[in-house]
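Have a look at the structure below before the remarks.
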Amino acid sequence: MPRPIVATIDISALQHNLAVAKSRAPHAKAWAVVKAQAYGHGLSRAVRAFADADGLALIEVNYAVQLRELGWKKPILLLEGFFDAEDIPLLEQHQLQFAVHCNEQIQLLEQAKFKAGTQFDVHLKMNSGMNRLGFKPEAYRAAYERLQQLSCVRSITMMTHFANADDASNPDLPLAEQVRRFKAATEGLAGACSVSNSAADLLHTELAYDWVRPGVMLYGGTPGGGTAKDFGLRPAMTLESEIIAVQEIGPGDAVGYGSRFVADKPMKIGIVACGYADGYPRHAPNNTPVVVDGVNTGTVGRVSMDMLIVDLTHIPNAGVGSRVVLWGDALPIDDVAFAAGTIGYELMCALAPRVTVREKN
Ligand SMILES: *Cc1c(COP(=O)(O)O)cnc(C)c1O
């Protein structure tokens, strides 16, 4: 018998969440962001569920090729562009659009030999304050003009990424300041604009210029504050397992590695077939939320590789075989992430390959 841990991916939730993303930006086109295997949900499911997206955007060149093999015919965008010269023939062969964020990439394009007539839609990335990728505002125009001179460049979309779309008044880099820099540096340049991630798509609809780039919201996760539910988003991934053993313990009895939890009363605890090697965060503290047989409870003791332990004291009927929801339909992934000091994104992406995945339509 396989281990009872199963992740269920709800295709209709993915479709629904894309429709929500599009409805927030009705005049823009939407890239569905599918990096990291569609945030852990699987590329083949993304291809089916996001058929209504105008394009799919991701980071990994090999997975972009896989999207073509899966039959995706609409645009594909590499959000960080290509990583070295060897990637360039793949861009041509699979008609991949790509970000250009540094002079080294422009130089590789200038040196590359293309078949006659090859043309690319490129996305020129501005570093408007996040200081990861992109040209500084003062260097942007020169990069634009350099790209414009290349016969392999058909169009240039102007792109930036926000650090604080979920916290617009962050004093270290207010959202409005990034927008101001972007607008000032792109003024008068021809081309489409693409700036909004999920947080901007949900919270700052006025920034939905020509394209939006929603990611986590498509999977039913919340980008920062609020809850996915308040935005009408549905969880796309439910991670479930079962109780595989029960222990009765008393005052002074310790639980798990390092004896991090010590009972101060008689308790019934359940051992769940889910551990950090399945993608559950090892740093989850005691009382991280879990649902057993529909009843809210919490973890006790350290998460180990293949197991974690939950309090069943107040769930008298729970026992071996009881259904345990780690996150998903009955328990927002954001709540689990918050308790564990991380974000829903990380939990989704970390779903381990050994977990059986099922689909629900
Ligand atoms: C990941 C990513 C997105 C999507 O971000 P979410 O917060 O998941 O919506 C958008 N744009 C770029 C450039 C990204 O890397």
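Note: Cβ is positioned from N, Cα and C throughout, glycine not excepted.
Features as listed in TrEMBL:
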- Lys35: active site, proton acceptor (ACT_SITE)
- Tyr257: active site, proton acceptor (ACT_SITE)
- Arg132, Met305: substrate binding site (BINDING)
- 236-360: domain 'Alanine racemase C-terminal' (DOMAIN)
- Lys35: N6-(pyridoxal phosphate)lysine (MOD_RES)
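Sequence features annotated in TrEMBL and their locations in the structure.
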{"residue": "Lys35", "record": "active site, proton acceptor", "Cβ neighbours (10 Å)": "17"}
{"residue": "Arg132", "record": "substrate binding site", "Cβ neighbours (10 Å)": "10"}
{"residue": "Tyr257", "record": "active site, proton acceptor", "Cβ neighbours (10 Å)": "12"}
{"residue": "Met305", "record": "substrate binding site", "Cβ neighbours (10 Å)": "12"}
C-alpha spacing of Met305 (substrate binding site) relative to Tyr257 (active site, proton acceptor), in angstrom: 11
Alpha-carbon distance [Lys35 (active site, proton acceptor); Met305 (substrate binding site)] in Å: 26
Residues of the domain 'Alanine racemase C-terminal' (236-360) by DSSP state, where helix covers H, G and I: 19 helix, 48 strand, 58 coil
Length of the line joining the Cα atoms of Lys35 (active site, proton acceptor) and Arg132 (substrate binding site), in Å: 17
Local backbone state of Lys35 (active site, proton acceptor), from DSSP in three classes: helix
Averaged pLDDT, computed only over the residues in the domain 'Alanine racemase C-terminal' (236-360): 97
